[in-house]
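Worksheet: one structure, shown below.
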């Protein structure tokens, strides 16, 4: 579909079904039931042969701009439900599939359909219920718009009923048997052949069937979505004590992947794959499930137990066997068996010698497998379970009859143990999940503002409709050029080594391979002063690009990579900040900012605290991976570079340098970027240059699109930070002196590390006015991928450090955290540590407004009452202030350019140096031009970002793209307006088109260049003072969470954000940026973690191992308030930048979790002045809620 018929709306995001960008709707006809089934599916996982007889609907089949929009597409666009738009077609298809099956879905069904999708888009949280859009403008659903199931496929299904399908490929034969007997014969003939159902992972395949008897046998090819639906109908009809396992399965199914995977994945395949211990298998094991197997030698049963899950040979399937059905018995004595299964899981690490006996307790059955224990066996099992060795690990309570039972209420049930303490009952309860609801409050425009003036109004994203229809074009959507080739790269497998030899001969022999491109093929410079395009003599991280394979297809290029043989000589490897400090390995000199006299102040304070915090890195995880399409022209060495980048200028410069041609021969084009977050600022120039060298060598167009795992392997992310603090304070909580020391892990090259370090030091006090303050920092050089710019640019790490020492002071004094925060906040006009004047009055207003709007004190009291009544569940709440500044510290970096044309028909074309990455830059530029020229938005069109029209533009970053490019567009439009004024004065009743024609007749130029010289920022690091930041953004966020002390899981209950946005040019876009930034911060602080091996190999290379926030992680109540009556005299129309400000506000969730953990620790008599590192994930939460179970883990070797 993508390559042959150019249906490019379906996007390739990750290749493993983890992001949903490739979602399509599959429709199949069942010749037996005569029914048609519609379901969403990840097209990246679907083998083509499996679609024989199926109808596939892509986003183009739902609605287009040339035919008719579907209501889903219209609502999603008009409710501001897209940002970069890359994953939006997948969202549309998920919801469309739901509507085809459920024309009036419930909110729970909608939430399930979107579950697992990236939570980048704001409107998925409920903005469609706010004043940001107008529901009265929505069209009703028209069922006649939906395609019918093709009659010819019905005929095919009827004719092919009972027919074995065989497809022969070059390397693979696909066989679809129609009977169990045929399948068993095939398995005997081809025992190593994989069996495929949904291909969500390799599993088993048989015809699905369900047999209802006293228990239930599930056909192993039953997809898990069907299993969920059957259980939902079954559970209400049976006694509660019989369905505990079934209800637990339903709970697991709610969090098992997304709806696309659940629609395809088979129960048997899921069991056999054993991909994750947290999916269905542990529940089935605890429920004593039995697997019924078959082969040509007969049938047998095996228990689904730990031996099976760990693939012990005698407890596993043989190569010729398949699972015929899964036997899931009714629940029995769950109060004991669930207790045993959970506690044995914990104890097994400590007592491996007793493992077999414990398993026998769980799985021994009487009779023919009816799942029942006899009373004798129960007593024997209990006696074994409650042996003396185990008693010292459990909190005991004696019953009147003398039997010892566990006090932990999660393992017992109240109707059996009425004397269980009430506060322990919380372990039985689950988080109550509700669909998220949003509220957005902003100040409307002046009622006297002309209706056609769009500034200040929530205008829809200019590409919003195209996002939802899949018509928005990204780099890989560009049609193939004649003679096009594809490139895949060979990367280093060593973190630091000399390259002794490279043998590409075998790769060149592969069919379809055209060339291998290495550093020797670069006619000019190989990279810049800090980093090479292609490694030459040495590799400096795992993922360093050594050469590129250029072939006729991407599959050929990818397969040939393994044929390249490279010999290395290993060198010293430094990976961590601690190792870099030990080896004196740094990218920068130490920098320092100091105010007052820190050492003297420490002599006068009542107390001094010292501590440290570690903040982990973060992957950008833009949905569109790095993408380049290079088309060489036939003369003068000219070349067109279509690239997904934030900085087309540096791409042009590096490509020209590498090809040894003037920059005017290289033209870069960027229409839109499918997400960037800082990650496409410095790296795309290296990918573009590698592809350009390949195009130069072959003379052909070259397409270079990174796979998700390669993108994550090669590129760096947010800088990990190690911060140390020393704080001096008085007994009332006033902080008198702070001394900070920071180290960031820059990776293998300088990249943006010096700039990130600068912002860490400039912004590390956050919102706190400390009269005696010192901070120092260095960037460490390691053999990891070079870390780079990321949304927030060092402040999310530094700000978390500030809040950590604030909390440490509050805990040391026994004072409320909010009291210490408020006491030390900026309140009046004063100076920052770098001697810049600051007026913090709006910071105080945001703080007070957030306290009021969030009902902070009432909810804190309610949380404390909840915590008194619940031992295993705790609530926490935190309120965090923020002082943030956007922009660059050097004036040249803030300059911008624009070019505006007016055509004779009155239409206007706007060009500028900004890249559209989903932040709404192009939309706001249209608003600026409309306002300045006083014409409707429909008259104006944005041209792509290209170096042909706008040369030398600085990168789109630091949140100021709208401000600086808006100033340039404004300047160009004002020049044009001034030229047109005499014409308009002569003909005041004329129309815009008349004025334009008259101006042309009078030889008045209808083209103008706009320029903004930039904010006058500077920083003198020798003196530690300057004016590095143009203005400040103030905000306060309040978040409430609930944690499960037994599992470490948490639920985001509510978040309120009050933010000083100045006068918002577009409230819908600004609120979307705040929400999206907050969610990205939520990921940074609570779940996203990059893992490396001791050798420097990154483990987290896709959505299966690296988890970003999904729709289910959005707070149930998410409320954004833009502070009214705020002005910013520095920026265009008194606006402020919002793109990065929201990230740090996600720390309010981090500290709300910490608050809940502190409540648990306090109840257990533990120290509440503790430090939690980021990300504060499930494991860290669980271990911080210390109890007898975590002590077992501590003793594990």
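Cβ coordinates are placed from backbone N, Cα and C, and glycine is handled just like the others.
Not measured: the values here are computed from a predicted model.
Sequence-distant contacts of residue 1140 (active site, proton acceptor), defined by Cβ-Cβ distance under 8 angstroms and a gap of at least six in the same chain, are 791, 792, 793, 795, 884, 886, 958, 959, 1077. Residues or ranges marked as active site, proton acceptor by TrEMBL: 1140.
The [2Fe-2S] cluster 2 binding site feature in TrEMBL is assigned to 84, 87.
The FAD binding site annotation in TrEMBL covers 195, 196, 197, 198, 199, 200, 201, 202, 279. The 10 Å shell around the Cβ of residue 195 (FAD binding site) contains 21 further Cβ atoms across the protein chains shown.
Other Cβ atoms within 10 Å of the Cβ of residue 958 (Mo-molybdopterin binding site), summed over all protein chains shown, number 27. Annotated Mo-molybdopterin binding site per TrEMBL: 646, 677, 791, 958, in sequence order.
Annotation comment: TrEMBL describes 355-377 as region 'Disordered'.
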Between residue 84 ([2Fe-2S] cluster 2 binding site) and residue 677 (Mo-molybdopterin binding site): CA-CA distance (Å): 11
Cα-nearest neighbour of residue 197 (FAD binding site) within the listed binding-site residues, 84, 87, 646: 87
When distances run from the Cα of residue 84 ([2Fe-2S] cluster 2 binding site) to each of the binding-site residues 195, 279, 646, the nearest one: 646
Fewest-neighbour residue among binding-site residues, criterion Cβ within 10 Å, set 84, 87, 197, 279: 279
Chain-mates of 646, 677, 791, 958 with C-beta within 8 Å of site centroid, Mo-molybdopterin: 676, 678, 679, 681, 789, 790, 793, 917, 956, 957, 959, 1139, 1140
Between residue 195 (FAD binding site) and residue 87 ([2Fe-2S] cluster 2 binding site), the C-alpha gap once rounded to whole angstrom: 30
Inter-residue C-alpha distance, residue 646 (Mo-molybdopterin binding site) and residue 87 ([2Fe-2S] cluster 2 binding site) (nearest angstrom): 19
